[in-house]
Amino acid sequence: MTEKINLLNLSEPELQGFIASQGQPLYRATQLLQWIHQRGVTDFSLMTDLSKPFRQQLSEASFVRVPELALERVSADGTHKWLFRLADNNKIETVFIPDRKRGTLCVSSQVGCALNCSFCATGKEGFNRNLTLAEIIGQVWLAARLLKSPYKITNVVMMGMGEPLLNYEAVVAAMHLMMHDHAYGLSKYRVTLSTSGVIPAMRRLREESPVSLAVSLHAPNDALRNVLIPLNKKYSLDQLIPLCRDYYSRGSKRCVTFEYVMIEGMNDRLIDAKRLIRLLADVPCKINLIPFNSFQGTAYRCSTESAISVFQKCLMDAGFNTRVRRTRGDDIAGACGQLAGQFHDRTGRHQRWVQKQGHDFNRPIPAIDH
């Protein structure tokens with residue numbers, strides 16, 4: 001007996017292939033996209049513009065399954081955080097951040113993260129596995145149905161648990177559905193992928209997906225970035241910055257956004273701002289300064305308001321479009337850097353994955369004078 005297929009786990013071309021295998025015309029794929037993503041219907045018997053024989057055929061060959069809601073918390077500032085349970089009992093977190101007329105959904109791409117960035121809570125939990133397409137787009141599907149008026153998803157950022165470009169195929173397929181007119185219909189300007197700088201995948205993304213790009217920079221030189229983002233030892237700034245400079249075509253109004261977490265005494269001094277100005281001198285970009293969010297076990301502290309203000313002014317005086325991304329949802333552990341998955345890596349998957357990459361991102365790093 002042929003195993004049933006989760007239609008939520010199919011990209012548009014794969015869905016068309018499935019429809020063809022059922023002897024149906026391709027426009028049925030469009031109808032299914034609309035029923036599943038726009039109307040949120042998962043019961044084939046309710047898809048009334050499909051013939052009864054085809055609905056029966058679908059129920060025998062396929063199903064639609066999204067992650068389960070395990071926990072919901074709502075912050076005083078309107079931020080929503082959901083803990084979703086996957087079929088294998090792993091859990092991921094998704095956050096919705098309302099802001100005036102904008103509603104941004106922060107989506108996870110992996111269970112945990114292997115990069116072990118020293119300022120991020122998620123990395124401390126280790127890496128378990130990549131999410132499937134169904135588990136990524138399922139977060140959007142669920143959030144759209146869980147949110148109550150007046151909240152609405154206008155933007156999606158791939159900034160949740162995990163490094164999106166280390167789960168390339170599933171992430172790009174999910175973003176395509178986010179932008180698809182018959183699914184979620186978001187503009188390419190409203191879907192953003194954030195990466196720590198996986199250079200080969202960034203080059204591929206530039207050619208294959210029109211989404212907006214954000215880069216987790218967080219340091220003005222390699223010495224400090226090696227401490228904050230160990231991936232930098234593999235893909236250093238002399239590779240990353242030229243790619244960011246040329247990521248969008250000349251004359252384009254689009255530019256890369258750099259994210260820079262503000263950590264007291266680590267990367268928030270005036271000399272750090274001046275080094276950052278030199279580093280990005282010829283790079284069309286925007287800069288988001290992110291106050292560090294503390295988590296259990298970290299020795300880092302957030303920069304003071306005055307230090308952040310001085311840092312921002314220095315960058316703006318040099319001509320950089322710079323804003324401070326204010327902390328949201330910190331009363332429910334939903335702010336950036338606090339997306340620690342509630343699981344324990346008992347299987348050794350994390351170390352096996354790291355070894356497969358040929359680089360030990362978790363090797364202890366000696367103290368340096370940056």
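Each residue, glycine too, has its Cβ placed from N, Cα and C.
Taken straight from Swiss-Prot:
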ACT_SITE  E93  active site, proton acceptor
ACT_SITE  C336  active site, S-methylcysteine intermediate
BINDING   C113, C117, C120  [4Fe-4S] cluster binding site
BINDING   G162, E163, S194, S216, L217, H218, N293  S-adenosyl-L-methionine binding site
DISULFID  C106-C336  disulfide bond
DOMAIN    99-331  domain 'Radical SAM core'
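All features noted in Swiss-Prot, drawn onto the structure.
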| residue | record | Cβ neighbours (10 Å) |
| --- | --- | --- |
| E93 | active site, proton acceptor | 25 |
| C106 | disulfide bond | 28 |
| C113 | [4Fe-4S] cluster binding site | 29 |
| C117 | [4Fe-4S] cluster binding site | 23 |
| C120 | [4Fe-4S] cluster binding site | 27 |
| E163 | S-adenosyl-L-methionine binding site | 26 |
| S194 | S-adenosyl-L-methionine binding site | 21 |
| S216 | S-adenosyl-L-methionine binding site | 24 |
| H218 | S-adenosyl-L-methionine binding site | 26 |
| N293 | S-adenosyl-L-methionine binding site | 22 |
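Around L217 (S-adenosyl-L-methionine binding site), the C-beta neighbours below 8 angstroms that are at least 6 residues distant in the chain are R225, F258, E259, Y260. If you take the CA of C106 (disulfide bond) and look 10 A around it, you hit none of the binding-site residues from C113, E163, S216, N293. Among the recorded positions E93, C113, C117, C120, the ones whose Cα sits within 10 Å of the Cα of N293 (S-adenosyl-L-methionine binding site) are C120. The Cα of G162 (S-adenosyl-L-methionine binding site) lies closest to that of C113, out of the recorded positions E93, C113, C117, C120. The CA atom of S216 (S-adenosyl-L-methionine binding site) is located 10 Å away from the CA atom of C117 ([4Fe-4S] cluster binding site). Looking only at Cα atoms, E93 (active site, proton acceptor) sits nearest to E163 among the binding-site residues C117, E163, S194. A coil conformation is recorded for L217 (S-adenosyl-L-methionine binding site) in the three-state DSSP classification, outside any helix or strand. Counting only the Cα atoms, the space from E163 (S-adenosyl-L-methionine binding site) to C113 ([4Fe-4S] cluster binding site) is about 7 angstrom. The domain 'Radical SAM core' (99-331) scores a mean pLDDT of 96 in the predicted structure.
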